[in-house]
Amino acid sequence: MEQLLLESGDFQEGNTFFTRRKSLKRSNWNIFLALAKKQIKIRFRSSTSIVEVFFSFFMFLILIPLKRLSTTPFAGTQNPQVFPQVDMPQDLAAFFTILNNTRIVAAPKSLPVVSMMNYIYSNYLRFTSVKIEFTNNAKEIKSMLTEFEANSLGIHWVNSEQNDYLTHPKIDTYTQCITNCPNYTVLRIIRSYIALELMKTDPQNKTLSYLGLMNSSMQQFAECDHYIYHMENHVIMIFISVVVLFSIMPDVDIILIEKDTKTAALCFLMGCSEWLYYLVSFLVSFLCSFPQLLLMSLLYCYIDIMTNVQFSVYFGLCICYCTSYLTFTLFFLTLFKSASSGRILTVIMATLMIAFSFFHEAYLLTIKDPDYPLKHILSIIPQSAYLLVIGSLCRNFVGDYIPIKWNSLSTPLPYKVSTAFFWLIFDTFFYLVLFIISNSILPRKYGKPRFNLRKIFSKRFHFSRKPEFTDLELKDLEGKNLATIPHEKNLYHQDSYFDKIQNEDKFINNFENNSTQNNEMDNVMKDNDRNDLNENNFIIRVNELTKYFDSIQALKNLHFSINHKDLVVVTGPNGAGKSTLINTLSGIIENTTGTIQFHLRNSQTTSAKPSTDFSILQPYIGVVFQENVFINQLSTKENLMLFGTFRGLTKNDIDEFINFFADSLQMKASLDVLAKKLSGGQKRKLCIMIALISNPPIVLMDEPTSGVDIQARQHIWKTISSLPETTSIITSHALEEAETVATKIMIVDEGTIPFTGTATELRSRFKCGYIMRFQSGSKSAQTALSIAQKYMAKAHINQEHRDSILMPVCQEVSMFLTELDTVNHELNIGEYSLNVEHLEDVIFQKESQLFVE
């Protein structure tokens, strides 16, 4: 049998840390600095975060060389060549002779149109096989031209039937060009025909006669050297927008993981305020994005991409987008309860950016009206507003190249820069308000929101809701009654397991000597519970506590109280509700019905539900969860410094605490090791150290010795039993160890508590005694049983191991052992061993019987 021995001197000498309770004086500035250090260390100790930061730089740096590679230089011409147009245009003849099925269509079939087409045909097309066709309108011209895949010409004289058809001619030409396209030639011929017709109406006008005789030529405009850009604007928009996405991804991952692993809830429970937690996340994300945004603005405004935009203007746009995107992300994080589902948010953001870039470039930016309603509607999403202004600036850069400065923010681009500033600033505050509201009212995986929607709309919330602690009571909680506790020598001395059993013999014998033993035991237990409820010595009182997980009832109408300085060990089978009870008491999960009262010395609070408002009870509760909850990327010492700062301890106090526990829990060599690299036992020790920092008056531990070796379990139990003025509630399956330190044992079975009492009462309840095993087998056991029954009528053969006998704890055991040693050689009984029967074995064998009772 594993035996745990606690010596009286283990925690008496030099234990100055636990002979006084620290006065908690939190500094928001110290907590702010501690959170910032934590956030930055996690960022740069994670390979994934480093890769994400690398990509945030890579995406905007690679854009400049990509744009350069996709740009073609074009040499300009100061004196373009002049191309004369001959009277018999060869390009027009070739246009109608190279391919078959060529056609020429004119509309409408009016006299001026017919006359003009005859002129064209007789002078320029008489050597071709093309025939002139007439139709009624432009629509039919287009239909006839595209009927064949061949060169075709269409002429529509719009006002041919009006009086001013010659003085103000309106003529449209349509061409389908498979080879060359003779547009200039056609227009020159039409102009010559109109000039000749005008001469007929005014023969004396010599100027008109010159038009028909003049030679035509063609010359391009002079151009300077320039570039032709082949990169699409939506590619630039995507590359620029994802910079912020990649730069804040590490902080999004940190928040999601800490929410999913109870780490964030533990931070709040230890004293970190939520607004500081999220403020630091916001600021660290912003500051870590600042270098990328600054460098990107410098490169783009002074080297390439947007050199016509003033640096401060573009940098201001980037800053506004970063802040609006951060508040937008924080708001959406409140909608996700787990890290796995929350990572979908990154995919959603990336998809939105790609979709908006294509949609804006293909549709919205082609609309010249900057006040087009859909542009403003989509600007409620920060990514959309930012992509719109980036797309407009890119179009301006390759088009009009209008300088954009602070005094020209309203330049009529497809999406004004001033509009972008307005919407990005609006989005920042809009999503900040949404984040505050949703974080205050939406349900959480761990912990309770600050406001319950059902309570908000109830009369009780508005007119009769009482604060959980009054100002006077808070002074009592933080005053001298809890700040200083006098040292009492031998106050926490614990006897060994065998000594404890022998000291309890008289109590058990009182029930062995009369026939009403069980009834009296039940009455004593009920009296004790009644006294606990009536006295003001309780520190925790639970009444009608119930917890449902969907349709499963985990806790069923629980009633119990815990007295000041009690060390309660909670045991029971797996799935019985032990962890749910600890989590509910700590406030990490919300119960369904019932009340929990906390009575801390001169103060008392009663609430309809357990106080999951961590700001009230956080200085007074230390918790060890079933899982290992700490910051994996921080070392052991860094974790303790962080949570000690949350508690409000000074650096000297934290160092004192670390030195004390590093020695008592043998963690000295592991102080500088990252928490994720610790062994299983060391991780449990670290969780215990975090829970005990600042010596809280209430400690809740869920299987603190799970997965820990024998030596480490001894150190843990010694540490727990040494806590002065501390009330501890601990779940454990190791009853033989817990029994030596527990003042009360509580059994949980199927969400109920069928037994609460001392270890002595529990042993008497289940008739737990001694077990004697014989090496010679069952025959020796039968022989010894006949002797044992002379002294103890209730001695019997162990049904599971018939080579052993079970005996109650009583004074007659010593007389039986004396006679057994006397007749051993004569009866050839042989060697035997005597041990105390394992309490947990007896309990779990009679589990069903206990539940029925």
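Glycine residues also receive a Cβ, built from the backbone N, Cα and C atoms like all the rest.
Note that the structure is predicted; figures quoted are calculated from it, not measured.
Taken from TrEMBL, the feature domain 'ABC transporter' covers 540-775. Marked as transmembrane segment by TrEMBL: 47-66, 235-257, 277-301, 313-336, 342-365, 377-398, 418-442.
For the transmembrane segment (47-66), the residues of the chain that approach it from at least six positions outside its boundaries are 231, 236, 239-240, 242-247, 249-250, 253, 288-289, 292, 295-296, 299-300, 303-305, judged by C-beta separation under 8 angstroms. Between the transmembrane segment (342-365) and the listed ranges 235-257, 277-301, 377-398, 418-442, the one holding the most Cβ pairs under 8 Å is 377-398. Long-range contacts of the transmembrane segment (235-257) within its own chain (CB-CB distance under 8 A, at least 6 residues past either end) are made by residues 39, 42-43, 46, 48-49, 52-53, 55-56, 59-60, 62-63, 67, 263-264, 281, 284-285, 288-289, 292-293, 296, 305, 318, 321-322, 325-326, 329, 333, 336, 338-339, 342-343, 345-346, 349-350, 353-354, 357, 360-361, 383, 386-387, 390-391, 394. Below 8 angstroms of C-beta separation, residues 274, 278, 316-317, 320-321, 323-324, 327-328, 330-331, 334-335, 370, 375-376, 379-382, 385-386, 388-389, 409-410, 449-453, 456 of the same chain, each at least six residues beyond the ends of the transmembrane segment (418-442), sit close to that stretch. The average pLDDT for the domain 'ABC transporter' (540-775) in the predicted structure is 85.
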